[in-house]
Amino acid sequence: MPNVVDPPQISFAAKDMDLTEWEGDILAVLVTETDVSKATSSSSRFTNAAAALAKLDGELGGLLSEASAEEEFAGRAGQSVALRLPTAPGLHGFKRVCLVGVGNNMPSSAAACRSTGETIAAVAKSAQARSAAVALASPPPGWVQGEDLRLNAAAAVASGVVLGLHEDRRYKSDSKKVHLKQVDLIGFGSGQEMGRKLQYANHVSSAVIFAKELVNSPANVLTPAVLAEEASNIASSYSDVLTATILDEEKCRELKMGSYLAVAAASANPPHFIHLCYKPPGGNVKRKLAIVGKGLTFDRFYLSLDNLLIVTKFVCIGGYNIKIGAVTTIELMKKDMGGSAALFGAAKALGQIKPPGVEVHFISAACENMISGTGMRPGDIVTASNGKTIEVDNTDAEGRLTLADALVYACKLGVDKIIDLATLTGYCRIALGPSIAGILTPSDELDKEVAAAYEASGEKFWRLPLEESYWEQMKSSVADMLNTGSPLGGAITAGLFLKQFVDEKVKWMHVDMAGPVWNYKKQEATGFGVSTLVEWVLINSS
């Protein structure tokens, strides 16, 4: 078992009150640049717009002004200043105050609000606070009529707090407890809709953490069988709306999944084809969706050579195509199942949210890509379950071979739309960098839906052209197609390859998430894709 742990259990509440009246461990006040006075003669550094903060500063004898001046705090995004308050009868009911800069205005994007929440989490964690409040120094323009702005900002800040508190310490002998249990939001509004939005944020951020821990798990722990077990556990936890079907190697052979099984053939760990199905309460289904995720729990076809002057190149070693690179990253090939982690995280969240009117199929052809005498060789011809033949000219272009049979399987379920997610090509990461996923689709309608979803989630995507003329380089003289083409436009030809396994009547999108699946600075998975997938399903819900 990968020993996936429960995410931080935090209770969120929205309250309408004066921030000076709050009681607890740490009060975090979101301060804009316009809340901080530029005048040096003023007794308080805070403007009339931030009346509540100026009032608090006065009651504290100017401590906030003094501390912010010493730290040159000006409300800029990323700035923060925290101070411990003196304890005495009659003073405020909180122990610490933290001023958190948010820039020129209160951030409106989900990503910026989430980053603010992560800053607050870091301060609360450092102080070992059990309770915290997030308050606004001044009401942002447009919030009086803009209920959605308030709801979305509160939800994103709450998500940032949960994600910021999480540390994956499953494989360390020492453990750290998360002390924070209660977070109040002041100035964001209140009511039932706000309560539902905060609960939604908790569900999704917990699912993101689940996905992160799956990707973080080492390959000796998270085998295809264990990934299938984790998926089955999700279905068991939400059995009122989710069911699990796990196909073994024999069943996959009966379904003629020759492309998928060719990849799995070299590993001692057998493949597991995973299919979760979400059906809404009441059974009324207006749309059928499928989400397909690449599930390579390890990709051995990566040889790292130090001091190499090229970034990435394919070479043939012992009859196999192996990537070589200047950076030692073979240990990170555990992240090659990031696509399946995203869809199972989304399944977990949707099992809690229970959207009506939509049926969703979560599919992953899980296996390992290893080297052995039973593995596929360059030049082999394999047959996918739709009858199309593939000449394997590159044994390291294995993810698309597993996705091919998974996409055929999804189409046979009679779905209307499919999104597949995969850490598919280094080419996409080179083109878009470490934080943006590439999307390829022939459907403008599906592109608009997903754009609305990722704008709500704060994740970053960019549409690449599905240039049909590039298909020429994928043609084989002995089979229907090759599994790779030229490195030039490699992310596009990968998308064109997958398109061969999708029915024309089905709206389909391919997401290449090779870049944003991993945070190299923090050396951990990101949980990328979960929140966008959930938003997309909700867009398709009645």
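Cβ atoms here come from the backbone N, Cα and C positions, even for glycine.
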For the Mn(2+) 1 site that Swiss-Prot assigns to Lys294, Asp299, Asp336, which of the candidates Glu249, Glu250, Glu391, Glu398 is also assigned?
Glu398
Since the record lists Lys294, Arg400 as recorded positions, which of them has the fewest other Cβ atoms within 10 Å of its Cβ?
Arg400
For the binding-site residues Asp299, Asp336, Asp396, Glu398, work out the Cβ neighbour count at 10 Å and name the residue with the minimum.
Asp396
Report the nearest neighbour of Asp396 (Mn(2+) 2 binding site) in space among the binding-site residues Lys294, Asp299, Asp336, comparing Cα positions.
Asp299
Per DSSP, three-state class assigned to Glu398 (Mn(2+) 1 binding site):
coil
